[in-house]
Ligand code: DX5
Ligand code: ZN
């Protein structure tokens, strides 16, 4: 399977959101990564339901929604209704993670689980067979534009091993501080999807930057 690039709209120009979504539509991007922050689970508030509805109107790529919120169970059907294809919840925010995963899949979405940088891979042992996607946070969630945490490589290798040993078909997504400097190394370690926010949207030519990342990921 080719490796996927998911630009994060957190770094887009919100006053020109339609333009930036169309840029993603017309680029080599595979997914659109959408970060929802509630100011409780993470110390920042991004955007919510009305904005995602507006994105849905224009988005032509897989909507990969990353919930950095407490009580995600409360909103699962809402996110389905506004176009989420993948719904990722944080391990650290779910008391009944197995139930949450089932509820997401019951709605017909792919279920993802995100792990904060300090959370070990081992916590996934008993749900690895049930998950479609694991999002390894390579920065502390809450903000775009932070520096990549090097310990992530070790976690990718451990997770890849767990996936292979168990026979799970879960994909590994890396989120935070992804650039052209680490893209190839992340894929070599075992990543399947690279999320990139600032590196794409702060570049001179975002569409070309996406194309370059995709080439690096698949080289
Ligand atoms: C961080 C978000 C990321 C963020 C990545 O909490 O989950 O998706 O948009 O941004 P960059 O690529 O700028 O680190
Ligand atoms: Zn994210």
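In case you wondered, yes, glycine gets a Cβ from its N, Cα and C as well.
All annotation found in TrEMBL is predicted automatically rather than curated by experts.
It should be emphasised that the depicted structure is a prediction, and the values quoted were computed from it without experimental measurement.
Marked as substrate binding site by TrEMBL: 8, 66, 142, 143, 144, 145, 175, 176, 177, 197, 198. Taking Cβ-Cβ distances under 8 Å and a sequence separation of 6 or more, the neighbours of residue 8 (substrate binding site) in its chain are 33, 34, 35, 144, 175, 195, 196, 197, 200.
Positions annotated as divalent metal cation binding site by TrEMBL: 33, 35, 66, 175. On its own chain, residue 66 (divalent metal cation binding site) has 33, 34, 35, 36, 88, 112, 114, 135, 175, 195 as residues at least 6 apart in sequence with a Cβ closer than 8 Å to its own Cβ.
Positions annotated as active site, proton acceptor by TrEMBL: 35. Just so you know, the Cβ of residue 35 (divalent metal cation binding site) picks up 25 other Cβ atoms within 10 Å once every protein chain is counted. Under the three-state DSSP scheme, residue 35 (divalent metal cation binding site) falls in the strand class.
The feature active site, proton donor is assigned by TrEMBL to 175. Cβ-based neighbour count (10 Å, all protein chains) for residue 175 (substrate binding site) stands at 25. Residue 175 (substrate binding site) carries a strand DSSP state (E or B).
Under the DSSP three-state reduction, residue 144 (substrate binding site) is assigned to coil, being neither helix nor strand.
In the three-state DSSP reading, residue 66 (divalent metal cation binding site) counts as strand. Annotation note: residue 198 (substrate binding site) sits in a helical segment as assigned by DSSP. Within the set of binding-site residues 35, 66, 142, 144, 175, 177, 35, 66, 175 have a CB atom less than 6 Å from some atom of ligand 2.
Annotation for residue 177 (substrate binding site): same-chain Cβ neighbours under 8 Å, separated by at least 6 residues, are 138, 139, 146, 147, 148, 149.
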